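Here you go, one structure.
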Amino acid sequence: MMLQKIGRLRDSQLLYGTVVVSAGTLLGSVFSYLLQVLLGRFLSVEDYGTFNALLSLSVIFGVPIGALVTALIKKVTELRVANRFDVLTLLFKKFSLFSLLAGFYSFLLIVVSRYTLSSYLKIDHELLVFIFGVFTCLTFIIMAPSSYLQGLLRFKAFAFFTSFSSFLRLLLALLFVVVLKTGLSGAFTGMSIAIVASYGISLLLLKKNFTSHEVKIADEHFKEVFKFAITTVFVTLGLNLLNNVDVLLVKHHFDPQDAGIYSGIVTVGKVFLFGASIITVVMYPQISQLYASGGDYMRRFRHFFVLQASVVSLGLGFFYFFSPLVIKTLFGNHFSEAAEYLPHFAIFVALYILTYFMIMFFLATDKTKVYWFLLPASFAQFVLIELFHDSLTEVINVNVFVSLALFLAVTVYFFSSGRFVYSASKQ
């Protein structure tokens, strides 16, 4: 009797996929979080601010690849439904090569503009910018395997890949910082080596899904992915700017101490973001598959939204009541100032999570015009922070205001197109 119940539980893609990916992603988030926290302890507050600013910059550099990830997951899901693993094999090779070339061009851009970057972000070490460029280049190569594991609904493999990759970053970064005493440059060196190792592991995980391929057919799908990516690149740009531009502006406008404190706030907030966004990671390929096959994806969407809203509510409550304890436990007394800002910042993160969830649903159902809301919101955030940055509280107020306005706009857009979405699910 118990075995039958377990079997029925496993057959539920919604619950099984959510549980497995949640476990793996949560574990990966724990490792990523440990890295951030431990670096906060082993680096100075000033260096920690620089570390987070550079991470935010790498995310912005990765916007084009981020758009391709979204498009590639959707295409992989469609080809999986059609059982075209021959096409999937060649697409993987092509996108791996493309991501490597894109990463190399990003590296060149960072090297060429290293003096401008160093001046704007108040970085004194030229070698650090060079090593950061290598790190940014290598982050691009993870695009293909991560997209494939999600699009193929390889829940266990994706969970393992996510968690083990994060563990390698933690291990190697701390090896360079703590044992070899190489400072902030060593952190990026260790993470770069971890990325290369993670890519090798991904090839082993995906090996069973690869087969012979047909060049002409794959070329057509390659173009389709880029066509969809062009429409989603603005969405990805808007999302990434909204979540990272504040870190860069704080690093530019505030003294190194305050920038480091803000990085501590952002680090704790990102744990909330990573943990709650697990729901969206599982939701996107499933909605995409149901939409492609003509299934009732709205019913699945409603289940996911209730789950997402519940997780966000729990996170808000936790940070509201336990902020001082969280900050002191994780960072120690030298980040104690961050506790007073955390509950307010958590509101911004909660609104961002819900907005991100809705936008990924729109992309899964081929509604790419949501960038009409994202880009103006990102621009407004930039302008308002440039105008109002007398204190960290003002910066957070801007984030909350912009994210609330964006979420309301996206919600109105959802209900205005509700009849079409619902009727399409019944065809």
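Backbone N, Cα and C define each Cβ position, glycine as well.
In TrEMBL, annotation is done automatically, which means it is predicted and not curated.
Below, the features straight out of TrEMBL:
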{"type": "TRANSMEM", "residues": "14-34", "note": "transmembrane segment"}
{"type": "TRANSMEM", "residues": "54-74", "note": "transmembrane segment"}
{"type": "TRANSMEM", "residues": "95-115", "note": "transmembrane segment"}
{"type": "TRANSMEM", "residues": "127-145", "note": "transmembrane segment"}
{"type": "TRANSMEM", "residues": "157-180", "note": "transmembrane segment"}
{"type": "TRANSMEM", "residues": "186-205", "note": "transmembrane segment"}
{"type": "TRANSMEM", "residues": "225-242", "note": "transmembrane segment"}
{"type": "TRANSMEM", "residues": "262-284", "note": "transmembrane segment"}
{"type": "TRANSMEM", "residues": "304-322", "note": "transmembrane segment"}
{"type": "TRANSMEM", "residues": "342-363", "note": "transmembrane segment"}
{"type": "TRANSMEM", "residues": "370-388", "note": "transmembrane segment"}
{"type": "TRANSMEM", "residues": "400-422", "note": "transmembrane segment"}
So, taking each listed stretch (54-74, 157-180, 225-242, 342-363, 370-388) in turn and counting its Cβ pairs to the transmembrane segment (262-284) that are under 8 angstroms, which one gives the highest count?
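The stretch I would name here is 342-363.
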So which residues does the transmembrane segment (304-322) touch in its own chain, when a touch means Cβ under 8 Å and the partner is 6 or more beyond its ends?
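Same-chain residues near the transmembrane segment (304-322) but 6 or more away: 14, 18, 268, 272, 275-276, 279-280, 282-283, 287, 342-343, 346-347, 349-350, 353-354, 357.
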Can at least 3 Cβ pairs under 8 A be found between the transmembrane segment (225-242) and the transmembrane segment (127-145), with each pair 6 or more apart in sequence?
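Counting Cβ pairs under 8 Å (6 or more apart in sequence), the transmembrane segment (225-242) does not reach the transmembrane segment (127-145), since there are fewer than 3.
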Which stretch, 54-74, 127-145, 186-205, tops the Cβ pairs under 8 Å count with the transmembrane segment (342-363)?
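Checked against 54-74, 127-145, 186-205; highest Cβ contact count belongs to 54-74.
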